[in-house]
Amino acid sequence: MANASEPGGGGGGAEAAALGLRLATLSLLLCVSLAGNVLFALLIVRERSLHRAPYYLLLDLCLADGLRALACLPAVMLAARRAAAAAGTPPGALGCKLLAFLAALFCFHAAFLLLGVGVTRYLAIAHHRFYAERLAGWPCAAMLVCAAWALALAAAFPPVLDGGGADDEDAPCALEQRPDGAPGALGFLLLLAAVVGATHLVYLRLLFFIHDRRKMRPARLVPAVSHDWTFHGPGATGQAAANWTAGFGRGPTPPALVGIRPAGPGRGARRLLVLEEFKTEKRLCKMFYAITLLFLLLWGPYVVASYLRVLVRPGAVPQAYLTASVWLTFAQAGINPVVCFLFNRELRDCFRAQFPCCQSPQATQATLPCDLKGIGL
């Protein structure tokens, strides 16, 4: 959106420097997004310990962010160069609609996928047996991925069917809305806000669930009912029945033990969520919620600007705020690998195992056998 300056004036150098800085920043975002997302995708594919449903969903999210950066950021760079050129032609209406469709598609895919991830995280903590039996494998992850892409495809069509062209070089890859307050644009914004809000409500419900069970209740001994040495009732441990079955008891047959689950190697014999599994699931919840919160923080300013443009008037939003909000959406395409690396210790360990050259000398020394350490190696 650079204005043409007078020849020989001092504005040309400043505009050229601003254009160079903008193109360099976009190139850096493109490289970081592609390198980080492709690296994490390869790490999840190669490491067998990561072949679980949460990491399959993370793999799809990384691939979608990489595709968004590859499809959108070069187009924005080309639009910026065309706008800065003296005889540059603006991008066509078809190209703007295609880029707006791709941006809306990837945005809604991330929103719907994060909603599905939030629901599965809640089930993994609150209903662990059901999650372990029905939702822990790859079929559930494949269904969630397909559903997220299908819903995103259905939601991305309406905003670009009748929309106009882009009005600045930052807009082709942003969620272009019709500036006349059309119901399609307003419905698009309401749907996005509803999906993101529902995702945070799921995590809020999960937080309340963990808070209510943060401390174990003290065990209360309930005395068993005893008649002629047959113990039954809430406090019975079943030892009397076991003794009678083994032939050590006398008297009448003890009552049937109600509520005791038979132990066995089958799928129904899986225990409840133990402490180590709970810590693992909790770390995954923290990582995915950090991704969800950053999605809200980086897309929120642009959604607010779009609301103002739709409900008030197109010129109600300052151009500086609109440009900054669009650049925040660009940064969202490359921030997820950094968040995953910071919040997930399992991913860091797998990364060090796959790439030993990235380990520090202290970590390499810690992995040496004791006899090698003793001789100074």
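Note: Cβ is positioned from N, Cα and C throughout, glycine not excepted.
Relative to the membrane, Gly137 and Leu347 are listed by Swiss-Prot as lying on one and the same side.
By the Cβ criterion (distance under 8 Å, sequence gap of 6 or more), the transmembrane segment (25-45) is not counted as touching the transmembrane segment (184-204), fewer than 3 such pairs being found. Within its own chain, the transmembrane segment (323-343) has Cβ neighbours under 8 Å at 1, 25-26, 29, 32-33, 36-37, 39-40, 58, 61-62, 65-66, 68-69, 72-73, 76, 103, 107, 168, 170-171, 173-175, 283, 286-287, 290-291, 294-295, 297-299, 301-302, 304-305, 351, counting only residues six or more beyond its boundaries.
For the transmembrane segment (99-119), the partner stretch with the highest count of Cβ pairs under 8 angstroms, out of 57-77, 141-161, 184-204, is 141-161.
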